[in-house]
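> For reference, TrEMBL lists these features for the protein:
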COMPBIAS  9-19  compositional bias 'Polar residues'
COMPBIAS  20-35  compositional bias 'Basic and acidic residues'
COMPBIAS  45-63  compositional bias 'Basic and acidic residues'
COMPBIAS  71-85  compositional bias 'Low complexity'
COMPBIAS  86-96  compositional bias 'Basic residues'
COMPBIAS  108-120  compositional bias 'Low complexity'
COMPBIAS  134-144  compositional bias 'Basic residues'
COMPBIAS  145-155  compositional bias 'Basic and acidic residues'
DOMAIN    21-47  domain 'WIBG Mago-binding'
REGION    1-160  region 'Disordered'
Amino acid sequence: MPEKKKAAQPSNAGIITDNSGDRFIPESQRADGTTRKAIKIRPGFRPDEDIELYRSRGTEAKNRPRVIPGAAAAITETDTAASNKNAKRREARKKAKEAADGDDAEKPAVASSAAPATAAEETEEVDPEVEKAKKARALKKKLRQAKELQTKKEGGGSLLPEQIAKVIKINELIRELEALGFDADGEPKDKADDNTKG
């Protein structure tokens, strides 16, 4: 009877080395239930799975964290300080967002620190005239596209249902522009009045 082989840790390829130094792949069971015999491995043979990848010094140096000897403690302290600062900024943004969304905007503003106050000032700096002009430009663009589609339709071209819906909304777009203080061409009404007078 053969000696009982001591099972060592198998390699990536499943090769085990016994007490006598022989290397083999242990017997195993196939899916259909039959037994696969143990396979003896030639001395000196190393399968591809067991060969370690070569890594040059440069790649290993890149993967190693860069730490100055004796300064490791200082680096971790700055990392935690930076992460604390970032966490505070995130909290401040959340509070500023809640203040903008919520009905009671005064309570979050009082609870927040100096950083959220600057963020709130930046959002307050947005000029209503600028917002009005921005919305008017968007409406003017939609109106121009709708008028182009209308001329295409009048010229005998076929339109998609979405395009027909845009043509139908022309009057609504003109009304929205007038509500913002612009005429049908997207020009401010006071300038349009000056052009008609002159």
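Numbers here mean position along the shown chain, with the first residue as 1.
Cβ atoms are placed via backbone N, Cα and C, with glycine included.
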> In terms of Cβ proximity under 8 Å, which residues at least six beyond the ends of the compositional bias 'Polar residues' (9-19) contact it?
3, 25-26, 41, 47, 49-50
> I need to check the long-range neighbours of the compositional bias 'Basic residues' (134-144): which residues 6 or more away from its ends have a CB within less than 8 Å of a CB in the stretch?
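Sequence-distant neighbours of the compositional bias 'Basic residues' (134-144): 166, 169-170, 173-174, 176-177, 180, 182, 184-186.
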> Based on DSSP, tally up the residues of the compositional bias 'Basic and acidic residues' (20-35) by helix, strand and coil.
0 helix, 6 strand, 10 coil
> Across the domain 'WIBG Mago-binding' (21-47), what does the mean pLDDT come to, as a whole number?
91
